[in-house]
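Novice: For reference, TrEMBL lists these features for the protein:
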{"type": "DOMAIN", "residues": "1-227", "note": "domain 'Deacetylase sirtuin-type'"}
{"type": "BINDING", "residues": "8-27, 85-88, 168-170, 211", "note": "NAD(+) binding site"}
{"type": "BINDING", "residues": "52, 55", "note": "substrate binding site"}
{"type": "ACT_SITE", "residues": "103", "note": "active site, proton acceptor"}
Ligand code: APR
């Protein structure tokens with residue numbers, strides 16, 4: 001069975017990482033566009049780098065939760081691809097092997113001149129940091145207003161899914177929120193979110209609860225289908 005999972009900030013909430021839209025529209029005290037747009041970076045690069053340095057250090061202190069692990073365990077029996085809007089690496093640390101990061105990765109940086117020049121980066125990133133080709137480095141994050149390079153690959157995955165599991169996303173940010181439109185009409189969709197933005201239907205089964213309780217139930221449900 002081909003299972004495609006679409007995750008958002010909610011799956012990492014119980015690991016201790018804050019979601020975006022639950023906290024009065026501010027992201028850790030900042031207007032989102034001031035820290036997550038090319039304009040914000042041009043206006044105040046130090047603020048933006050400091051913001052992501054703090055997020056990066058915070059990420060190194062948290063661990064995957066039961067929901068990340070339950071999704072990783074699905075790989076034992078199924079062909080599983082995770083499409084995440086999250087920039088954390090908690091899916092990988094839980095053991096998932098096929099993770100597509102739509103919005104980039106916190107533990108990577110890239111050249112400001114060449115988006116394909118990407119490096120692993122666990123330390124703080126400073127304005128004086130350049131790659132070996134002398135390119136300025138910036139966070140490997142897809143900011144608002146920038147293209148989403150992995151989108152076509154993500155669409156193709158959704159188009160070929162038997163089962164789609166959506167976890168912890170407000171479905172407010174496009175193009176990620178549009179991915180569900182590509183679900184085959186005969187696919188089964190599960191949606192886990194304590195504040196779900198989608199209603200149940202013949203095709204969609206909604207679990208209005210937290211990821212750590214809802215995702216294991218979805219996994220049990222899928223395993224029961226098999227048996
Ligand atoms: N388990 C599951 N879902 C949860 C939990 C939890 N414990 N706690 C909160 N949620 C849900 C909320 O109900 C909400 O629907 O997680 C969702 C978080 O929504 P957003 O904060 O909007 O996060 P997301 O959908 O991932 O945002 C998309 O927006 O700012 C950009 O690029 C950023 O990738 C991000 C994108």
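Glycine too: its Cβ is placed from the backbone N, Cα and C atoms.
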Novice: Measure from each Cβ of the recorded positions 8, 12, 85, 103 to the atoms of ligand 1 and list the residues where some distance is under 6 Å.
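Specialist: The ones that qualify, in sequence order, are 8, 85, 103.
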Novice: Compared by Cα position, which of the recorded positions 52, 55, 103 is the closest one to residue 16 (NAD(+) binding site)?
Specialist: 55
Novice: Tell me the Cβ contacts of residue 85 (NAD(+) binding site) under 8 Å, same chain only and six or more apart in sequence, or just say none.
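Specialist: For residue 85 (NAD(+) binding site), the qualifying residues are 6, 7, 8, 9, 102, 103, 169, 173, 176.
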Novice: Between residue 55 (substrate binding site) and residue 168 (NAD(+) binding site), what is the CA-CA distance rounded to a whole number of Å?
Specialist: 19
Novice: Indicate the candidate from 8, 16, 168 with the smallest number of other Cβ atoms within 10 Å of its Cβ, considering only these binding-site residues.
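Specialist: 16, out of the binding-site residues 8, 16, 168, has the fewest neighbouring Cβ atoms within 10 Å.
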